[in-house]
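Here is what Swiss-Prot records for this protein:
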type    : residues                                       : note
BINDING : Glu134, His247, Glu335                         : Mg(2+) 1 binding site
BINDING : Glu136, Glu191, Glu198                         : Mg(2+) 2 binding site
BINDING : Glu186, Ser251, Arg318, Arg323                 : ATP binding site
BINDING : Asn242, Gly243, Arg300, Glu306, Arg318, Arg337 : L-glutamate binding site
DOMAIN  : 18-103                                         : domain 'GS beta-grasp'
DOMAIN  : 110-446                                        : domain 'GS catalytic'
SITE    : Arg64                                          : site 'Important for inhibition by glutamine'
Amino acid sequence: MPKRTFTKEDIRKFAEEENVRYLRLQFTDILGTIKNVEVPVSQLEKVLDNEMMFDGSSIEGFVRIEESDMYLHPDLDTWVIFPWTAGQGKVARLICDVYKTDGTPFEGDPRANLKRVLKEMEDLGFTDFNLGPEPEFFLFKLDEKGEPTLELNDDGGYFDLAPTDLGENCRRDIVLELEDMGFDIEASHHEVAPGQHEIDFKYADAVTACDNIQTFKLVVKTIARKHNLHATFMPKPLFGVNGSGMHFNVSLFKGKENAFFDPNTEMGLTETAYQFTAGVLKNARGFTAVCNPLVNSYKRLVPGYEAPCYIAWSGKNRSPLIRVPSSRGLSTRIEVRSVDPAANPYMALAAILEAGLDGIKNKLKVPEPVNQNIYEMNREEREAVGIQDLPSTLYTALKAMRENEVIKKALGNHIYNQFINSKSIEWDYYRTQVSEWERDQYMKQY
C-alpha cells in the first residue's frame, strides 16, 4: 500500500467515524512471526502517547525476564481497519516499533534495525531503497476439525484458469481484501505447482514494503480459512514440486533518480548497480540463513525447480541468484531470487542492503554475467568461471553467517546472536529426528 501520513488527530477521527472497537498493535519477532497486543479502543490515548507496555521476555529472541518491560510506539501511518471485522466490531491495526524503558529503540526489534541500516544508506547519499516482493504460497484443504491436511485444493499449473485453478475464488477474495486495505495489486495467478499461488503488489520504500509483506501474510491466511483452506508460506511443503519463493526486486534512489539506471551503458546499468550486485554476490553465503531461515528452506534450493543454488548473476537467465529484469528507467532493479516467504522481511532486506552497500563502499567489481543454464553445468564448469554454491543446509548457512562480518553489522549484535542461537537449536533438533523416509529405506534392509 502507498505511503501515507497520519496525525494523532487523524487516528482519533478515524476511530470515531468508523466505530472501531479494538486496536491491534502489531510487531514482528526475530523469527518473522507477527505478534500483537489487542486493546479496546478506550485505550486509544494511551496507545497514541506510546504508553502501551508488554512483556518482552515472552517474545522469542527479545530479552531476559529481569529486563522484560518494553513499550510499543505505533507508526500512525500504518493505520488500517481489517475489512473482515466489519460485522463483529471493527478492529484497526497499527504496526509498532519496540522501545526500551529509557526511551531508546530496542536493538532486537527487526523493524527498528532496518531503519538503522537505511540511515547508513542515507549517509552514503542515497534517499530510498525500494522493494517489490513476489510472495508465493500453497493452499491446502482443512479437515472437519479445522486442521490442515496434505490435500491440495487443485491440480492446476502456471497461469491456469478455472476449473483447473480451484483456488481462483479464494485468491480473488484475498485480492479484494488487500485492495480494501490500500494495496496496489499488480498481478494474481496460479503458480507452477498444484495448489500454489502468487499475488504481486506494487513496490514501496523498504520499511513500508516489509510492513506490507507481514500484512499480506496475515490477510492470506485469514481469508483462506474462510474458504476452508489453509495457506502456508512454508518454502517446500511437498516433495517433487516447486517450492515457494519470495523474490526481492530492489532498487536504490537518489531523490527522483534511479541510482541503478544509466542509458549510456551497454546494459543500461550504472557503476553503482554493478557494485551493489557485486556486494550481494560476495556476501550471499553469509545472508542465506537470514533469507532462508528454516531447515525446510533448503529443500527448495535444489536444482530443477527454478530456485537458485548458485552464486552468479545475469540479465535474462533465471538460474543464477541474481537476475536484472529488462525494464529500465525508473523501473531498473535487481532481483534477488533466493529469498523465501518464511524469511523475516525486515532482517532479510537489511542483510541484502548491507551486502549491497559493502559493494558500493569498497567499489567491488562484479564478475561476468552467466547467461547459460547453470543447472546444466557440472561442478568443474562452474568452478572454471568462479561460480560458488549457496549453502545447502541450515547448518552450512549458519556457519557461513558466523564467518561474515557484513551480515553481523547488518543485524546488530543482539539480533545476530539471538538468531544464530535459535536456529542452531532448530538444526540440532532436526538432525536428531528420525523421518518416515529413513524407516522406509532402512527398517527392512538392515
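Don't overthink the numbers, they just go from 1 along the chain as shown.
Glycine is treated like the rest: Cβ placed from N, Cα and C.
Here the features listed in Swiss-Prot are painted onto the structure.
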| residue | record | contacts (Cβ under 8 Å, 6+ apart) |
| --- | --- | --- |
| Glu134 | Mg(2+) 1 binding site | Glu198, Asp200, Gly245, Met246, His247, Asn249 |
| Glu136 | Mg(2+) 2 binding site | Glu191, Gln196, His197, Glu198, Ser244, Gly245, Met246, Pro341 |
| Glu186 | ATP binding site | Asp200, Phe201, Lys202 |
| Asn242 | L-glutamate binding site | Glu191, Val192, Ala193, Gln196, Tyr305, Glu306, Ala307 |
| Gly243 | L-glutamate binding site | Ala193, Pro235, Lys236, Pro237, Lys299, Arg300, Tyr305, Ala307, Asp340 |
| Arg318 | ATP binding site | Glu306, Arg337 |
| Arg323 | ATP binding site | Trp313, Ser314, Gly315, Lys316, Asn317, Ile334, Glu335, Arg337 |
If you count Cβ atoms within 10 Å of the Cβ of Arg337 (L-glutamate binding site), leaving out that atom itself, what do you get? 20
For the domain 'GS beta-grasp' (18-103), the DSSP residue counts stand at 23 helix, 38 strand, 25 coil
Least Cβ-crowded entry, counting other Cβ within 10 Å, from the binding-site residues listed as Glu191, Glu198, Glu306: Glu306
Residues other than Asn242, Gly243, Arg300, Glu306, Arg318, Arg337 within 8 Å, Cβ to Cβ centroid, of the L-glutamate site? Gly245, Tyr305, Ala307, Pro308
Taking the mean position of the Cβ atoms of Glu134, His247, Glu335 as the Mg(2+) 1 site, which residues outside that list, in the same chain, have a Cβ no more than 8 Å away, listed in sequence order? Gly132, Pro133, Gly245, Met246, Phe248, Asn249, Arg323, Val336, Arg337, Val339
For L-glutamate, whose listed binding residues are Asn242, Gly243, Arg300, Glu306, Arg318, Arg337, the greatest C-alpha pairwise distance in Å: 15
Count the Cβ atoms, other than its own, that fall within 10 Å of the Cβ of His247 (Mg(2+) 1 binding site), considering every protein chain shown. 22
Site extent for ATP (largest Cα pair distance over Glu186, Ser251, Arg318, Arg323, Å): 21
Starting from the Cβ of Ser251 (ATP binding site), draw a 10 Å sphere and report how many other Cβ atoms land inside it. 21
I want to verify one value. Collapsing DSSP to three states, which class is Asn242 (L-glutamate binding site)? coil
